Amino acid sequence: MRSLCCAPLLLLLLLPPLLLTPRAGDAAVITGACDKDSQCGGGMCCAVSIWVKSIRICTPMGKLGDSCHPLTRKNNFGNGRQERRKRKRSKRKKEVPFFGRRMHHTCPCLPGLACLRTSFNRFICLAQK
């Protein structure tokens, strides 16, 4: 008998979510999906999505004042091998298009800007000196 008096309450709790759920077949469409920088337009790069890590999307390059991510986090302790690697890396282009797979959700800064540290763990696109 008790279960019969709870039935209307249960129906009131379950009915609104059923009415608000989308019909079968509705899905999100992700525009701007990419695999490489060359698939994105000018001023954009192919970066990891902030919401779904397995998807890469065309993302605008950093403008003045935008937060950014440094190209490397490795410490340089000054031994010869690391110095040679650093010189070799500095010769490589660090611009868009990048032919590898980006591992972060931000793009490099626009040309003429650099990703500079402003506090312990914060980097911002600022004018190069």
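Placed from the backbone N, Cα and C atoms, the Cβ positions cover glycine too.
Annotated in Swiss-Prot:
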type	residues	note
DISULFID	Cys34-Cys46	disulfide bond
DISULFID	Cys40-Cys58	disulfide bond
DISULFID	Cys45-Cys107	disulfide bond
DISULFID	Cys68-Cys115	disulfide bond
DISULFID	Cys109-Cys125	disulfide bond
SIGNAL	1-27	signal peptide
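Distribution of Swiss-Prot features across the structure.
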residue: Cys34; record: disulfide bond; Cβ within 10 Å: 17
residue: Cys40; record: disulfide bond; Cβ within 10 Å: 22
residue: Cys45; record: disulfide bond; Cβ within 10 Å: 24
residue: Cys46; record: disulfide bond; Cβ within 10 Å: 23
residue: Cys58; record: disulfide bond; Cβ within 10 Å: 18
residue: Cys68; record: disulfide bond; Cβ within 10 Å: 22
residue: Cys107; record: disulfide bond; Cβ within 10 Å: 25
residue: Cys109; record: disulfide bond; Cβ within 10 Å: 23
residue: Cys115; record: disulfide bond; Cβ within 10 Å: 18
residue: Cys125; record: disulfide bond; Cβ within 10 Å: 23
Hey, of Cys40, Cys45, Cys58, Cys109, which of those disulfide-bonded residues are within 10 Å of Cys34 (disulfide bond), Cα to Cα? Cys40, Cys45, Cys58
Running the disulfide-bonded residues Cys45, Cys46, Cys109 through a 10 angstrom C-alpha radius around Cys115 (disulfide bond) leaves Cys109
Candidates Cys46, Cys68, Cys107, Cys109, Cys125 (disulfide-bonded residues); nearest Cα to Cys40 (disulfide bond) turns out to be Cys46
C-alpha of Cys125 (disulfide bond) to C-alpha of Cys68 (disulfide bond): distance in Å? 6
Filter the disulfide-bonded residues Cys58, Cys68, Cys107, Cys109 down to those whose C-alpha lies within 10 angstroms of the C-alpha of Cys46 (disulfide bond); answer none if the list is empty. Cys58, Cys107
Calculate the distance in Å between the alpha carbons (Cα) of Cys58 (disulfide bond) and Cys68 (disulfide bond), and round it to a whole number. 16
